[in-house]
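*Asks:* When I checked TrEMBL for this same protein, it listed these features:
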type: BINDING; residues: THR10, GLY11, SER12, ILE13, GLY36, ARG37, ASN38, ASN121, GLU123, GLY202; note: NADPH binding site
type: BINDING; residues: LYS122, SER148, GLU149, SER173, HIS196, SER209, ASN214, LYS215, GLU218; note: 1-deoxy-D-xylulose 5-phosphate binding site
type: BINDING; residues: ASP147, GLU149, GLU218; note: Mn(2+) binding site
type: DOMAIN; residues: 4-129; note: domain '1-deoxy-D-xylulose 5-phosphate reductoisomerase N-terminal'
type: DOMAIN; residues: 143-226; note: domain '1-deoxy-D-xylulose 5-phosphate reductoisomerase C-terminal'
type: DOMAIN; residues: 258-380; note: domain 'DXP reductoisomerase C-terminal'
Amino acid sequence: MRRISVLGATGSIGCSTLDLIGRDSGAFRVVALTGGRNIARLADQARRHRAEIAVTAHDECLPDLRAALSGSGIEAAAGQAALIEAADRPADWTMSAIVGIAGLAPGLQALRQGKTLALANKESLVCAGPLLMATARAHGADVLPVDSEHSGIFQALAGQDAGAAERVVITASGGALRDWPQERLAHATVEEAGRHPNWDMGQRITIDSATLFNKAMELIETHEYFGIPPDRIEAVIHPESIVHAIVGFRDGGLLAHLGPADMRHAIGYALHWPARGDVPVERLDFARLGALTFRAPDEGRWPALRLARQVMQAGGLSGAVFNGAKEAALDAFIARRIGFSDMARVVEAAMDALSGSTAVAHNAVPDLENVRRADQLARQAAERSMAALA
Ligand code: NAD
Ligand code: MG
């Protein structure tokens, strides 16, 4: 029986992960499940999957979690230290599916066990790619990408070194506002930006899809995870979300990864790797699909892509600045403090403000404290820029 932990179990990726585990429950033993304020869901998951421990990120939620688990024999815990302790419980396979930089420290802790980390938390690669990958190497842990594009690249490479790839193309649906006239974008609401045409995901990544900040993060994720130089990584708009990634080799041949827009494929691939298991996703009917279309992204409309290229060029802790400013701008958009188009302006202003800072220029592999400091500085710079906007 493989021991499994799911960090961020109550979210979209966490629920899909437990869906797959529940279909084959004889093969897995659930160790730790973590969540936020949705205590009813966390307790229900812990009971259904007979977890050893359930952890909420919020101290004030602990009495509710204890009450919801009473009589079950399942441990309950809360707070940051408890999240790290959950990630440290011996497990063979851990899903990292907390959203944002909050997922970084628990993910690093899980890597120190030297087992397998299924990585959905792309923010940890964006803000601390070299640290994450070095930690995995130092402890002999495997990191498996759980993003549809990166799982697709991984599968298309089929064990070959990424150096064999001449180019890598990741696709973007274009998000909820893809077909809006540019002048309307500034007035897009949280509800409008949060309605994805193809994928059913958490609110934050759905809005990041509409700004293309999600694709921007994925360009950086490709660079950090596979070590592919930025000038070999492309993003293309593909409204159907059927082709997820394409790898081009030096002989001119290309291998693409196709599948329905269902994250259970990428999760299931990581769960069964290096074998392939049965995953209950829809089987594609190509005659019914008819056509697959592609077009170049308009970087004027979606400045996030240009900012991602700056991050990859600058290196150091610029990814932590980019991510921290983006998280602050997204919080402000969700709180209706700034407009949709302001998010990219705020991120760019924070990046500009910190571009010469010694806290950001960093040649060696940064440690967690360096990353957190850059993240804090970025959030402060973003707040200053938002104050100037108002
Ligand atoms: P979600 O918002 O649905 O779930 C997030 C989870 O993290 C929840 O369990 C929540 O309780 C927990 N969480 C939130 N803030 C936390 C904090 N400060 N401390 C501890 N726990 C916290 O998000 P999601 O859509 O499932 O995405 C999770 C991660 O996977 C993100 O990094 C996202 O970019 C990535 N991802 C998601 C999808 C998708 O289809 N949803 C696809 C690719 C990658
Ligand atoms: Mg993706």
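Each residue, glycine too, has its Cβ placed from N, Cα and C.
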*Asks:* Across all the protein chains here, work out how many other Cβ atoms are within 10 Å of the Cβ of SER12 (NADPH binding site).
*Replies:* 19
*Asks:* For ASN214 (1-deoxy-D-xylulose 5-phosphate binding site) and ASN38 (NADPH binding site), determine the Cα separation and express it in whole Å.
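*Replies:* The Cα atom of ASN214 (1-deoxy-D-xylulose 5-phosphate binding site) is 25 Å away from the Cα atom of ASN38 (NADPH binding site).
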*Asks:* In sequence order, which residues at least six apart in the same chain have a CB under 8 Å from the CB of GLY36 (NADPH binding site)?
*Replies:* THR10, THR56, ALA57, HIS58, CYS61
*Asks:* DSSP-wise, what's the residue breakdown of the domain '1-deoxy-D-xylulose 5-phosphate reductoisomerase N-terminal' (4-129) into helix, strand and coil?
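*Replies:* Final tally across the stretch: 64 helix, 28 strand, 34 coil.
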*Asks:* So what's the average pLDDT for the domain '1-deoxy-D-xylulose 5-phosphate reductoisomerase C-terminal' (143-226)?
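*Replies:* The predicted confidence over the domain '1-deoxy-D-xylulose 5-phosphate reductoisomerase C-terminal' (143-226), as a mean pLDDT, is 96.
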*Asks:* Can you tell me the three-state DSSP label for GLU149 (1-deoxy-D-xylulose 5-phosphate binding site)?
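*Replies:* DSSP assigns GLU149 (1-deoxy-D-xylulose 5-phosphate binding site) to helix.
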*Asks:* Express the distance between the Cα positions of GLU218 (1-deoxy-D-xylulose 5-phosphate binding site) and SER12 (NADPH binding site) as a whole number of Å.
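*Replies:* Cα to Cα, GLU218 (1-deoxy-D-xylulose 5-phosphate binding site) and SER12 (NADPH binding site) are separated by 18 Å.
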*Asks:* Within 10 Å of the Cβ of GLU149 (1-deoxy-D-xylulose 5-phosphate binding site), how many other Cβ atoms can you find? Include all protein chains, please.
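*Replies:* Other Cβ atoms within 10 Å of GLU149 (1-deoxy-D-xylulose 5-phosphate binding site): 27.
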*Asks:* How many helix, strand and coil residues does the domain '1-deoxy-D-xylulose 5-phosphate reductoisomerase C-terminal' (143-226) contain under DSSP?
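*Replies:* The domain '1-deoxy-D-xylulose 5-phosphate reductoisomerase C-terminal' (143-226) comes out at 44 helix, 11 strand, 29 coil.
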*Asks:* Mind giving me a neighbour count for ASN214 (1-deoxy-D-xylulose 5-phosphate binding site)? Other Cβ atoms within 10 Å of its Cβ, every protein chain shown.
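*Replies:* I get 25 for this one.
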*Asks:* Counting other CB atoms within 10 A of each CB, which of the binding-site residues LYS122, HIS196 comes out lowest?
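*Replies:* It is HIS196 that, of the binding-site residues LYS122, HIS196, has the fewest other Cβ atoms within 10 Å.
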*Asks:* Ranking the binding-site residues THR10, ASN38 by other Cβ atoms within 10 Å, which is at the bottom?
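*Replies:* Fewest other Cβ atoms within 10 Å, among the binding-site residues THR10, ASN38, is found for ASN38.
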*Asks:* Determine the Cβ neighbour count for GLU218 (1-deoxy-D-xylulose 5-phosphate binding site): the number of other Cβ atoms within 10 Å of its Cβ.
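*Replies:* I get 27 for this one.
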